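K.L.:
The structure is given below, and queries will be raised subsequently.
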Amino acid sequence: MKLSPSILSADFANLERDVKLVEDAGVDYIHVDVMDGQFVPNITLGPNVVKAIRPTTKLPLDVHLMIVEPERFIEDFAKAGADIIAVHQESTPHIHRALQMIRSFDVKAGVVINPGTPVEAIKHVLPLADLVLVMTVNPGFGGQSFIPECLDKIAELARLKKEHNYSYEIEVDGGIVPETAILCAKAGADVFVAGSYIYNAPAPHERIEKLREALE
Ligand code: DX5
Ligand code: ZN
């Protein structure tokens with residue numbers, strides 16, 4: 001079980017401090033949410049911020065692109081130091097090419113599906129995926145409620161992985177708190193993104209411990 005805190009809910013004026021805080025608490029990845037105000041109704045950060053965070057941590061940077069035509073920026077995020085780049089199936093007509101492009105920069109390739117998108121839509125690119133991210137809220141904002149209908153998709157991805165011997169990790173993102181993390185773990189999730197639960201707390205390391213305890 002891996003934890004990937006989303007810095008979307010961190011203090012943007014103190015990103016280095018907030019990344020170190022969760023690294024010291026023993027998390028596995030740092031989740032970076034990139035939004036362009038078009039694919040989702042919010043704007044966050046770009047490759048320059050990834051580049052600035054890169055030297056502040058040894059942890060892999062798990063970069064989640066919520067932007068239209070992500071192919072335009074894959075090289076920039078790879079060069080900025082992303083270790084994983086995940087692109088939405090819904091954001092490009094050429095998801096296969098986008099995943100190939102990510103791999104061509106020696107970066108792990110992730111494919112993401114929105115709550116309304118079935119697993120069927122990414123079935124044919126699963127051999128190319130190092131990570132499959134199942135959105136458990138509609139992307140755009142932190143602090144939303146978990147959508148339980150997404151659990152079936154996690155189970156389906158776990159089944160396909162076993163059946164075909166695929167190597168992807170299954171990641172969940174949105175509304176993750178101990179109770180929903182347990183449901184996702186039971187369905188077969190490996191990596192848990194949590195933003196507001198971890199950062200909107202006086203002691204984020206206690207929230208990380210609570211998530212770990214729930215997932216034990
Ligand atoms: C939503 C982002 C998430 C977000 C999760 O579009 O992809 O990573 O930070 O926030 P919480 O954990 O608060 O639902
Ligand atoms: Zn995310």
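Cβ atoms here come from the backbone N, Cα and C positions, even for glycine.
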K.L.:
According to TrEMBL, His31, Asp33, Asp173 bind divalent metal cation; identify which of His64, His164 is listed for that same site.
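P.N.:
When TrEMBL describes the divalent metal cation site, the candidate it includes is His64.
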K.L.:
Count the other Cβ atoms sitting within 10 Å of the Cβ of His31 (divalent metal cation binding site), across every protein chain shown.
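P.N.:
I get 27 for this one.
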K.L.:
Want to know which recorded positions, from Asp33, His64, Asp173, are within 10 Å of Gly140 (substrate binding site) at Cα; which are they?
P.N.:
Asp33
K.L.:
If you draw a 10 Å sphere around the Cβ of Ser196 (substrate binding site), how many other Cβ atoms fall inside it, taking every protein chain shown into account?
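P.N.:
Taking every protein chain into account, the count is 18.
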K.L.:
Cα of His31 (divalent metal cation binding site) to Cα of Ser196 (substrate binding site): how many Å, rounded?
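P.N.:
If we compare the Cα positions of His31 (divalent metal cation binding site) and Ser196 (substrate binding site), the gap is 12 Å.
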K.L.:
Identify, among the binding-site residues Gly140, Gly175, the residue whose Cβ has the fewest other Cβ atoms within 10 Å in this structure.
P.N.:
Gly140
K.L.:
Indicate whether Asp173 (active site, proton donor) is helix, strand or coil by DSSP.
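P.N.:
SS state of Asp173 (active site, proton donor) = strand.
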